[in-house]
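These features come from Swiss-Prot:
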- K251, D256, D274, E335: Mn(2+) 2 binding site (BINDING)
- D256, D333, E335: Mn(2+) 1 binding site (BINDING)
- K263: active site (ACT_SITE)
- R337: active site (ACT_SITE)
Amino acid sequence: MKFTTYTTFPEQTSNESLWILVDSEQLQSNLNTYQINNLESILTATQFKANFNETLPLFGQLSTQPHSQLLGLGKAAELQAAKLAKLAQTIIKSAQNKFKHIAIDIAALPVEYHYLFALSLTQAAYGYDEFKSKKNEFVLQQVDLISSQTSLDENQLALVHAVQSGQSYARDLGNRPGNICFPEYLAEQALALAAEFPDLLKVTVLNEQQMADLGMYAFLAVSKGSERPGRIVTLEYQAQLEQAPVVLVGKGVTFDTGGISLKPGLGMDEMKFDMCGAASVLGTIRALCEARLPIHVVGAIAAAENMPSGKATRPGDIVTTMSGQTVEILNTDAEGRLVLCDTLTYIKRFNPAVVIDIATLTGACVVALGKVLSGLFSPDDTLAAELQQAGEQSFDRVWRMPVIDDYQELLDSPFADIANIGGPHGGAITAACFLERFTRDYRWAHLDVAGTAWLSGSAKGATGRPVPLLMQFLANRVSTNG
């Protein structure tokens with residue numbers, strides 16, 4: 001979907017439908033720009049008040065656009081960002097299968113919401129039909145956004161397009177089943193990205209023998225139960241090599257049975273989404289390549305499959321990590337931190353400015369924050385504040401949680417340096433504290449996206465979060481650093 005901005009209705013374009021957003025407190029003034037036949041009698045007859053998400057068809061009443069509708073904002077001054085998605089869904093649901101080109105008058109929408117509204121339209125327009133014999137009949141390609149004043153300059157529109165591309169790509173990867181999307185497949189996707197953007201990307205793939213040579217036995221403890229070998233993949237986005245890089249590390253457990261600590265069968269199909277952290281890293285790298293932001297970024301993917309077998313790790317096994325620390329694996333279903341800890345050690349070779357890991361790490365984070373906010377853990381107040389700001393700007397929000405020494409003793413083991421679980425309480429925090437032990441040589445933040453990376457129920461599927469947040473964070477760094 002492509003966007004173009006106009007200050008007035010573009011009568012010479014090929015748009016087939018017009019939506020006009022209207023403020024319930026300024027209904028008449030919002031419509032003064034348009035010559036609408038019988039407006040007063042229509043409003044009286046329909047009792048249209050422009051309440052939130054209330055629609056009013058005006059078919060044949062505008063000479064400039066026969067197919068037009070009003071869409072209420074309620075009181076625009078009281079509109080909240082959380083409601084933008086609903087407005088976008090209303091428009092997309094109505095237009096997506098009918099029109100290639102539509103126009104939306106957003107003059108009544110507060111200017112500070114223009115970027116988020118455009119982004120919401122792209123998110124609402126996503127559909128996944130890769131494995132369906134009957135494909136979605138989506139035809140919408142172009143949206144004209146009309147407002148005499150807008151925050152959507154050329155840079156903002158470029159960011160919308162880039163985020164749309166990266167987020168949709170991440171959603172596609174997340175939605176693919178485990179028999180298609182396995183560790184080697186993620187490595188192939190990274191190589192395909194590099195082939196698409198050869199001037200921007202350098203990809204390195206580590207196989208299991210190379211990991212063993214580096215001493216990555218925590219990672220290998222996860223992948224050893226599977227017939228599918230694990231991979232660590234790095235993608236270096238080389239637009240500004242003289243800078244120390246931002247490193248993004250994604251958990252890529254392509255299917256998580258729990259291993260010997262087997263998960264319950266109900267809902268296990270959703271464990272294909274346990275690689276959504278890695279998908280978000282790949283999506284962010286794609287978005288960076290589309291936007292060509294002048295910044296140095298490294299994406300790292302820890303890709304493994306966690307399966308039970310005669311070769312699988314047993315509860316109580318002890319392994320040595322790449323850092324030299326030993327780990328007692330009390331629960332093989334706490335595997336994400338094991339693939340991440342070795343990857344977080346490996347990426348030190350890039351001399352990072354900051355490191356952000358993204359992982360569907362704990363059910364405890366879902367209990368704490370639900371499906372609305374991602375968990376943010378960082379001992380670095382400045383980095384945490386930057387991520388919180390980016391989350392608000394992109395409406396891909398986070399909530400900061402503690403990662404403090406008081407919790408570290410819960411990870412003590414009588415047999416090894418550290419246990420891979422910390423008991424029944426504060427599971428999201430102790431998981432972050434585990435990772436913190438491997439990140440003390442650089443600035444670091446951890447995003448637990450177990451609650452936000454996918455949805456269940458009727459809207460089941462990957463969300464592509466936190467690609468919008470990560471791209472906003474990187475764009476902000478470009479702006480700050482000039």
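Note that Cβ sites are derived from N, Cα and C of the backbone, with glycine treated the same way.
Since the structure is predicted, the reported quantities are computational estimates derived from the model, not experimental observations.
D256 (Mn(2+) 2 binding site) and K263 (active site) have their C-alpha atoms 8 Å apart, to the nearest angstrom. The least crowded of the binding-site residues D256, D274, D333, E335, judged by other CB atoms within 10 A of its own CB, is D333. Within 8 Å of the centroid of the Cβ atoms of K251, D256, D274, E335, where the record puts Mn(2+) 2, the same chain has further Cβ atoms from V222, G252, V253, M271, M275, A304, N306, G336, V339, A359, T360. In sequence order, D274, M275, G277, A278, A302, G336, V339, L340, D357, I358, A359, T360, L361 are the residues near K251 (Mn(2+) 2 binding site), counting only same-chain partners six or more apart with C-beta under 8 A. Taking CA atoms as the reference points, D333 (Mn(2+) 1 binding site) and K263 (active site) are 8 Å apart.
Under a cutoff of 8 A between CB atoms, and with a sequence separation of 6+ in the same chain, the neighbours of R337 (active site) are L361, N420, A431, F434, L435.
Classification of K251 (Mn(2+) 2 binding site) by DSSP places it within a strand. Take the mean position of the Cβ atoms of D256, D333, E335, the recorded Mn(2+) 1 site; other residues of that chain with a Cβ within 8 Å of it are V222, V253, T257, G258, G259, S261, K263, D274, N306, T332, A334, G336. Taken residue by residue with DSSP, D256 (Mn(2+) 2 binding site) is part of a strand.
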